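Chemist: OK, TrEMBL features for this one:
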type	residues	note
REPEAT	81-115	repeat 'PPR'
REPEAT	187-221	repeat 'PPR'
REPEAT	288-322	repeat 'PPR'
REPEAT	358-392	repeat 'PPR'
REPEAT	490-524	repeat 'PPR'
REPEAT	526-560	repeat 'PPR'
Amino acid sequence: MPRYLYFRPTNAGNARHPLLAHLDACASRAHIAELHGRLIRAHLAPDPAVAGRLVALLASPAAGHDMRCARRVFDGMSNPNAPVWNCIIRGYTSRRAPGEALATFRDMVRRGVAPDNYTMATAVSACAAADGWAWEWRAAGDAVHAMVRKIGSAADLFVMSGLVKLYGTFRSVEDARKVFGEMQERDVVSWTSMISAFAQRGMWDDALRFLAEMQADGVSPNKVTIINLLSACGHGQAVDRGRWVYGHLSEYGIEADVDIGNALISMYAKCGCMSDALEAFKAMPTRNTKSWNMLIDGFVQNQKHKEALTMFEEMLSTDFNPDAVTLVTVLSACTQLGDLQQGRNLHSYIRSREIYCDAILLNSMINMYAKCGDMAAAEMVFQTMKQRDVVSWTTMVCGYVQGRQFTAAFIFFEEMNVAGIVASEMALVSLLSACSQLGALDKGREIHAYIEEKNIKRDVFLESALVDMYAKCGCIDMAAEIFSKMQHKQTLTWNSMIGGLASNGHGKEAVQLFDQMLKFGDPKPDVITFKTVLGACAHVGMVNEGLRYFHSMSSFGIAPDIEHYGCIADLLSRAGLLEEAFEFIKKMPIDPNPIIWGSLLSACRFHHKMDLVRKVRQHIINVAPNDVGTHVLISNLHAEGGQWDDVQQIREQMGSRGIEKSPGHSSIQV
């Protein structure tokens, strides 16, 4: 948590000007914006001291961390000092933009501005706010730690406490313990960070030992300690430990206020114990909007979307008004349920209450409409946005592809380019999927060229989409080239390549690639992999291999479904093993569908096994008694074999059931 006040430079060169007296009184974004304009008109804004104070204000909570305006003022300064740099770095960290914070910190060092303890504490905080699992953030944290030693900040309590928290975020307990041991003095924050580091790793004996040592050292745990422990219990799914921590509050002389209550709800929700979370919520003597948000979000995260909507309706009946977080969560519940009407009702509520919609809320609304299939409403919300980000464009593109409105998806992609927005990996994967479904090779090549031109990072999903697009568009050599160069392949990648080879007449190569996948052992084949390879075996007549693969499915924890059984029936039928296919179908643990029986009938026709038609026909008629196509197929088979009595019997059955063959017709578009 921030432990430094935002810097407010003093002694402006125009200190006597009456406008400057208002700087310290600004308490809202609108007030700051108005004062900024007046300072510009009064030619005071260029003054270094005034500009520094403006940067501090714009990057502060009062302005909602308006980093765009803060950065504009900052970049206009010829030689900002360390406190002003600190404001910008802290602002980015508070705005949850640690990458920008660290980039600014590096720029500060490159420009020869000496960082102070405040700078280092802020840089450490930025590293801790990033994704602790990514190696590049760990490297950045180590570099900042090295600079802490270099400039002599290792004696600063705040900096060292931040480093303990930083290594705890990286789950590097030994490094955190080493920094903790080097500290000349410790406060409740440093103890709490160390205890939290142990708890996050599930090292509860060490966490409780440090909790005792903390008290023995004369430092009492506070509610932040408890909240951190409950948070660690939630992340570690340690619900029993969480109950224990909460049960010992009185021992530490800590009152269970609304913040601790919220942490308890969050812990239960992350552990999947929503009945306990609801009970804890109801037991709270006082609640705030965050309490409702925690509970509603917990239901959504645990796939209990209807319960989330019920709690939202209950919230509306109280004195609490939902905020943007509530509305985004409830929109997510509507999206997951596919409940368009509830989503529309929520949209009407937002409009009727004139609730301010930021980009996150508007994007959530677009996503709800898109996932629920109302692209007209999604586009209406999109068009009302004053500022659209890459998420807005991506949601629209993906929504149109999902709704098979491919032309609209490509139009939006072109408009995105005109707007200067670089498409996200998700949007490109979605567009490549559209090309695959359309067989639009030229469009797919355009998107591939776009990926190369924009130097877009090609993750496994994007590369797999390229493989799939080229394979389904018949360009199997290009698909194979991309596949062979991929460093990391997931199951979906192998599926795309195996399926592409099979569908392009390379069944044997598809089977060989599947064997190669099995040899590697990771990733493992899934349901789709087996459907693909069994289909390939059927097309090239590899009966023994197909049966072997089919019987090996259980070793991968996969139970064959109707499509797998259909593949084996097709495999045997194509190979002329019709009696074996007939017996296989009869012994299936799943009731065979008309498609499987129809496949066998077609094979009887091809292999002139008319004696088997009579055995099969009763089975297929029982499955599809009113299907006109089935009756006509059987009638035609008997007619080809000269079995006219059977033809007459089939036609009489059709007449008695009122089944009529529609007359054929042709049409031509002029």
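Heads up, the Cβ atoms here are built off N, Cα and C, so glycines get one too.
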Chemist: With Cβ-Cβ distances below 8 Å as the criterion, list the same-chain residues six or more beyond the ends of the repeat 'PPR' (526-560) that contact it, or say none.
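Modeler: Hits for the repeat 'PPR' (526-560): 491-492, 494-495, 498-499, 501-502, 507-508, 510-511, 514, 517, 567-568, 570-572, 574-575, 577.
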Chemist: Averaged across the repeat 'PPR' (526-560), what pLDDT does the model get? Just tell me the whole number, please.
Modeler: 92
Chemist: If we skip the immediate neighbours and take only residues 6+ beyond the ends of the repeat 'PPR' (358-392), which ones have a Cβ under 8 Å from one of its Cβ atoms?
Modeler: 324, 327-328, 331-332, 334-335, 338-340, 343-344, 347, 350, 398-400, 402-403, 405, 408, 419, 421-424, 427
